[in-house]
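According to TrEMBL, the protein carries these features:
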| type | residues | note |
| --- | --- | --- |
| DOMAIN | 137-509 | domain 'Amino acid transporter transmembrane' |
| TRANSMEM | 142-161 | transmembrane segment |
| TRANSMEM | 173-192 | transmembrane segment |
| TRANSMEM | 218-240 | transmembrane segment |
| TRANSMEM | 246-266 | transmembrane segment |
| TRANSMEM | 278-298 | transmembrane segment |
| TRANSMEM | 343-361 | transmembrane segment |
| TRANSMEM | 373-396 | transmembrane segment |
| TRANSMEM | 422-441 | transmembrane segment |
| TRANSMEM | 461-481 | transmembrane segment |
| TRANSMEM | 487-509 | transmembrane segment |
Amino acid sequence: MGAVADPREGRLAVALATGDTVNYANRQLTTIHDAKVTFEEYLHYANISRQEEARLYGKGSDYEQSSGSVTAFIKGKILRRPVREHPSRLSISEAAVTGKKETVDEKAAMDGDGSPSRERWEITDAEWLNASRAARTATWGAIFYLIATDILGPFSTGWAFSQLGWGPGVSLYTIFGALSGYTGYQLWRIFIQMDSDRYPMRDFGDVAFRIYGQWARYICNILQSFQFFLNVGLLIISSGQSISQMSTQNLCFIICVLVSAIAGCIMGQIRTLARFGWLASLAVALNLFVIFSTMGVMSNSSPNYTAVAATFPALLPDPTNPAPISYSAGSPPGLGLINNVSGLMQAVFSYGGATLFPNLLSEMRRPWDFWKGLLCGEIFIYLVYIIYGCYCYGIQGQYVYNPSYQGINPYGWQTVGNSLELITGLIAACLYGNIGIKVLYNNIGMDILKFPLLTSKKGKLIWAAFVPIYWVLAFIIASAIPQFSQFSAFVGAACILQFTYTFPPLLMIGFKIQRDAILPDETFDPATGQVQRKDYGIQRWIRGYKKELLWNTWDLIFFLGSATTAVLGRFQLQEPYWLSQEGLIIAKRAAIFISDLEYVFSIDNRPQMPYGTFCQGQQPWAIVEGLQLLLRISKRFCYVRHLRI
């Protein structure tokens, strides 16, 4: 992303590329989400941007004939061969054209409140184009890496097979994998036809906005923020389970979850994702090690019956006398629809990367190449998940635990897996929290509440204050629904299924209707931004829909089926938690927590009540005297009469 020369720079190049000499850089600041910008205008400038990308990075370009930094190093330093490195393509200032180094007085560029001066926003056309392109550095290989890097790993697939059986498990993972590839293709096709340097698309909300309007953008942004928030809570639970197992269940489970939340509050103060880069690479290596070690240990030891009995007491009432390991070709006997749906939602979770596809596309040097990374990533994920899931189910049968590295019996290897996944889980939670907070800040804080820029002094202070609030709320949700498998299935049904399977076909229908409704004699004037249309309304929509009748009908059926699955998943997963007596967890804990505000002042009083499964008979206040008050509140907080952890 450095400031280096781009042959497209200069006002003449910009004018030739865009077809006009309008100073759109400053206009862009107020039109990025302007409903007055027409559909035809988005198509017009997207076509120009794709042509420029093909000219600079496509076949026959000097860029394609050269080598990247890694390849150049191998050829030049190791193989001692002549090498030609990639020519520079990106710039963020006019100074790069002349070769002069631009110096900026940062203090002079700030207003009194620490926010960027308004004068600094009066940028030129060339500077806007270059700034828009500066972040577009990712190749399709990098996209493959990001798609294939599911930080949760395939550790839930074995449990999903135990809920579905061999046949339904393999079939559903295959079908969901193919459909997720299809919806990823849909998002890619929409993106390359509507994204441009003039009107860049940054996230899922931007895609929805350009097709259906502002209301669709708000829905996507809110649901995406909700998904990231639940992902943080989900990873807090996973980390809490790891800490609990490493302590041999001598520490209250809520304290284990609380430790994860406190660590997240500290690491969450990192605002820039660039600082997480090397940590994410480390997480990938650790995940691979845990996968291979778990497979090896699992084949030479019995399942972790204690953990299974604590989480699923109906499956294993007596861990000292377990029933023989069994398998099922179809739906396992004794399991109902709720169990099947829970396993189904694990498959949804496995292919949940579509939420970030527009974000990944927005950073690609050439979005046309996204299909390569998508195809390779989907195939890789499918093979790894199917192989690992079948292996775990084939070894442990109905006793497969979720996550699988906690379901192996030797305590030493449990500790290895838990400690490594504790690190990767914390990294993942911080990444999700970082993106989730930014989505909230940019789309609610800045758009509605008129918050300052996140890079300003006030913005940084707001960030520092909001991070602990975000993590505390995630901790409350995580402690209220500590059943990891059901919680992850709920996230899959409520959020991930929408972005991966429900929204893309609906977006594609709306896009095709508007695109195919354009008549040959309808024109768009780039100079004025005006469109000459022959008709409006339902007649136009019908004409656009009939242009690709079969595909649009298939997408409509696909959308309705996905929506039905989402409703089924949410209802079935909510029933045992929100409608039953045991499921009133949040309400009970909220009342108990409020009473603790008064109870905390009674230091000499000790709780005289039964506690949750992991708290029975324990005296956690004796561990660290300085945490006396916090531990007492936590012991009260984790009390729910029939709660099973």
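Positions of Cβ are set from backbone N, Cα and C atoms, glycine also.
Those TrEMBL annotations? Automatic predictions, nothing curated.
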Proximity verdict for the transmembrane segment (422-441) and the transmembrane segment (218-240), three or more C-beta pairs under 8 Å: yes
Selection from 173-192, 218-240, 278-298, 343-361, 461-481, the stretch that has most Cβ pairs under 8 A to the transmembrane segment (373-396): 173-192
Long-range environment of the transmembrane segment (173-192) - Cβ separation under 8 angstroms, sequence gap at least 6: 46, 50, 157, 160, 201, 207, 211, 347-348, 350-351, 353-354, 357-358, 361, 367-368, 370-371, 374-375, 378, 381-382, 385-386, 389, 500-501, 504-505, 507-508, 511, 555, 558
Closest-packing stretch to the transmembrane segment (461-481), where packing means Cβ pairs under 8 Å, from 218-240, 246-266, 278-298: 218-240
Folded-back contacts onto the transmembrane segment (278-298), same chain, C-beta under 8 angstroms, at least six residues removed: 149, 151, 153-155, 388, 391-392, 395-396, 404-405, 407-408, 410, 413, 416-417, 420-421, 423-424, 427-428, 431
